[in-house]
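A.B. asks: Pasting in a structure now, in structure tokens, and then I'll have a few things to ask.
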Amino acid sequence: MDERLVSTEADNHESAIEQSLRPQTLSQYIGQQKVKDNLSVFIEAARMRQETLDHVLLYGPPGLGKTTLASIIANEMNVQLRTTSGPAIERPGDLAAILTSLEPGDVLFIDEIHRLQRSIEEVLYPAMEDFCLDIVIGKGDTARSVRLDLPPFTLVGATTRVGLLTAPLRDRFGVHARLEYYEQRDLAHIVSRTAELFEIGIDLRSAEEIARRSRGTPRVANRLLRRVRDFAQVLGNHSITEDIAEDALERLQVDKLGLDHIDHKLLLSMIEKFRGGPVGLDTISATIGEESHTIEDVYEPYLLQIGFLQRTPRGRVVTREAYEHFQMEVPIRD
């Protein structure tokens, strides 16, 4: 798969950059107003009762700030944040070691929690409900179960695929918060804030131009800003102007709607070779040289979101809106 500027996933280098940009409090966090308002109430109530915050499940598309919110929750509760991920916990003993090392009130953040194995999930159930850990000592006839008390803690789970969580695990979270794609004005505010942290000037129109092409995702907005900053600095500018932003984004092949060269390749292949569809997923895969699951999981979601692609029982279909975006005549379908 080609490297994409508009990918919503982060690599290791980018994760380190994101950490340096993260807001530390709910008041600094831009966007997701309903989620922020509710979390603010739950956090304040827990502090007033001098209790741990109820377990929190954050879900939604990647790149929207779930990890940042977990860090903010810990900061607002004035406790330590412990971070791990579903794939990193390979055995029940790995999770037991993490749980027994927690201090009272700590926030344990598990990213990609939907990827936990079932046997590991079962260790979490008593830990989440009763703050205890059931372990088996010995084998065979001599085996016996021992219950260890755990300090009260808050589990924050994050997932991009909430439907893959088992019902018993999902139901043990007292707070469920879905993160939505960002409004353009909030993304422009994020771009301006990041530019200030990068110590480079940017005007409102330039911030809005970057925001417009960011697919509603802060991670994409910050990545595009970094690349536009490169163009500005090489040109000898200490500030990003609208002309520089537009020129840089066009050279980076990110169009006005945030579509990149791979999106264009997929849509134009369907239009030019199959009259816009319907086309089967395997056929599209063979035509553009990408794996079917990559098309389905990586490329299609945004095209579906903006209404450029439809899934039908007979296959994928390019919509009128996509034809109009490419300034092409819409075919008359049978």
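Cβ atoms are placed via backbone N, Cα and C, with glycine included.
The annotation ATP binding site is assigned in Swiss-Prot to L21, R22, G63, K66, T67, T68, E129, D130, F131, R172, Y182, R219 on the grounds of sequence analysis. According to Swiss-Prot, the Mg(2+) binding site annotation covers T67, on the basis of sequence analysis. What Swiss-Prot records for R311, R316 is DNA binding site. Feature annotation from Swiss-Prot assigns region 'Large ATPase domain (RuvB-L)' to 1-182; the stated evidence is sequence analysis. Summarising the annotation, Swiss-Prot assigns region 'Small ATPAse domain (RuvB-S)' to 183-253. Taken from Swiss-Prot, the feature region 'Head domain (RuvB-H)' applies to 256-334, supported by sequence analysis.
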A.B. asks: Measuring Cα to Cα, how many Å separate Y182 (ATP binding site) from R311 (DNA binding site)?
C.D. replies: 24
A.B. asks: Would you mind checking how many other C-beta atoms are within 10 angstroms of the C-beta on E129 (ATP binding site)?
C.D. replies: 10
A.B. asks: So how far apart do the ATP binders L21, R22, G63, K66, T67, T68, E129, D130, F131, R172, Y182, R219 get, largest Cα to Cα in Å?
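C.D. replies: Comparing all Cα pairs, the maximum is 37 Å.
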A.B. asks: Below 8 Å Cβ to Cβ and six or more residues apart, same chain only. Which residues does that give for R316 (DNA binding site)?
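C.D. replies: Result: M270, G277, P278, V279, G280, L281, I284, E300, L309, Q310.
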A.B. asks: Among T67, E129, F131, these being the binding-site residues, pick the one whose CA is nearest to that of R311 (DNA binding site).
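C.D. replies: Result: the closest of the binding-site residues to R311 (DNA binding site) is T67.
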A.B. asks: Go through F131, Y182, the listed binding-site residues, and name the one with the sparsest Cβ surroundings, counting other Cβ atoms within 10 Å.
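C.D. replies: Candidates: the binding-site residues F131, Y182. Fewest Cβ atoms within 10 Å: F131.
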A.B. asks: Name, in the order they occur in the sequence, the residues of the same chain whose CB lies under 8 A from the CB of L21 (ATP binding site) and which sit 6 or more residues away.
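C.D. replies: Counting only residues 6 or more apart in sequence, the Cβ neighbours of L21 (ATP binding site) under 8 Å are T194, L197, N222.
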